[in-house]
Amino acid sequence: MQIYLPIAEMSVNVFVILGMGWGIGFLSGAFGVGGGFLMTPLLMFLGVAPPVAVGTGANQIVASSVTGVIAHTRRGNVDFKMGGVLLVGGLIGSSAGVFLFGLLQSLGQIDLAISLAYVLFLGAVGGLMAVESLQAMWRVRRKGGRSDATGAGRHGWIHGLPFKMRFRKSKLYISALLPLAVGFGVGVLTAIMGVGGGFIMVPVMIYLLGMPTQVVVGTSLFQIIFVTANTTFLQAAMNQTVDVVLALLLIVGGVVGAQSGARIGAKLRSEQLRILLALLVLAVCGKLAYDLVATPSDVFTLVVEAN
Amino acid sequence: MAALTRRVRWPAWPSVVTVLAALVMPLAAALGVWGLGGGARAQEPVQPLVVDLSDHLVAITTAFSGTDVLLFGATDGPGDVVLVVRGPATRKVVRKKAQLGIIWANRDSVTYENVPAFYQVFSSRPLNDLAPRSVLSRLQIGTENLAFKKVDQSVTESFVPGFRAALVRLKQKEALYGLGTQPVTLLANRLFKADLHFPANVPTGAYSVEVYLIRDGDVVSGKITPLVVSKIGLGAEIYDMAQQQGYLYGLAAIVVAVVSGWLAAVVLRKN
């Protein structure tokens, strides 16, 4: 069944889009990532223009994150205080990132910047997670006990920072500057890469902030709702690149997928969760890196430019 | 009875005059043409070329997945028919990737204006057999004769033809430019028809369909018929709102997403 998308200006198969939404919703529910790092490349692969893919993807992630947060709140796995502090940094960062995006676009190198950012961050994050979770699994098997990534390995200078805050849910007493800076940095990247930033946020929360893994997923999703809502609004207002028809189809598929994902995610142990996410992140990274290095099938590309 | 006769007769008289006049006028015109030795061809009552489309509007609805428009017409005698379907003029940047170290990145670019968003040529015979190059070039018939206007370039002149060829090739890949010509069917040297296909990704805007009648390598007659490609219905309203009220549209998109996400959580929990 074909449907015409009014903003993307193309005709697509309804079931392909519904299926894509389901798959990405599943990841969102299971791993606490928005799924934007898969959504944007997948939509572009279907032939959707990159700006429309970014804007519409953000809109869909708003919905799947809302569903995910509700599911996690019921289990008490959301640290709203931590999420709020991360969010303040995230909104400032994503707004700053929109300016950077415009600058790179005018230089004609936005495609390269996006690809390089993906390869760099997905590679680093995926590699670190894979190594760490494999070590954790090995430890678990040897000791027969359960390991949890705590803040044991953090540097001493972090505890010397001012504005200390208590985050009860996360069992942390750290400087508010830390989550603020993390939120800002991730916010900048999300604006450029057109994603919610969960795949960066989740490992940063585990390894840098030292939050318990169970709380990380719900808190990350909570933060992602607002950052992607901000991206949706800015993209719609400035570039008219949000296709609500496409977004709605993705949402319908996505909300169903997110629920199944949350159920599976609750059953898996945190090491297993992390190694699966790491493998997924590395796979996407590998594909993008290959595309950058491999000889393109056509060295020429065509870009529409407004008069 | 008499009243009836009069009523019938009275209006009957002028119509007889009209009929007579209608019979005499072309005769007079024909005689006049004869007398002037064929100099006033334009006054011929029979038009050399009559053209129409089965539809002057290509409506892009929610279920749109491409459509066909039938073009039909008649000529006043033997000759070849060439059709050019041309979309609105756009500005396009052609970028070329180059290897920087191990990475492929965009380096050079050429910017063109006056690039038709859509371009198809239909012909009853191969173009080169019909008319000399100069005629095809003047009327911009055939992709090689399109008069793109180069407005910016980052390469030396000798590399520009490669960029122009890439522009045409990429447009052909999107199915927006035709590969060669498509057929015009001629019937009894008088009637002709052609199926104009518009793919699902057809750009919106004001199109023109140019029809040329060619005899002995010369264009004898030409007609331009307008065609509009436009979004219709819900899709058009969504598009207009996105363009004109971006802020409101963005807020609405967020509300839709939040509400549907919340609804899903509620409904799926009950299940």
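Note: Cβ is positioned from N, Cα and C throughout, glycine not excepted.
Annotated range for transmembrane segment in TrEMBL, selecting from A:206-229, A:278-301: A:206-229. Taking every recorded stretch in A:44-71, A:83-104, A:172-200, A:241-261 and counting its Cβ pairs under 8 Å to the transmembrane segment (A:12-38), the highest total belongs to A:241-261. Residues 5, 7-8, 10, 12, 16, 21, 24-25, 28-29, 32, 34-36, 78, 111, 114, 194-196, 217-218, 221-222, 224-225, 228-229, 231-232, 235-236, 239, 241-244, 246-247, 250-251, 254-255, 257-259, 261-262 of the same chain lie 6 or more positions beyond the ends of the transmembrane segment (A:44-71) yet place their CB under 8 Å from a CB of it.
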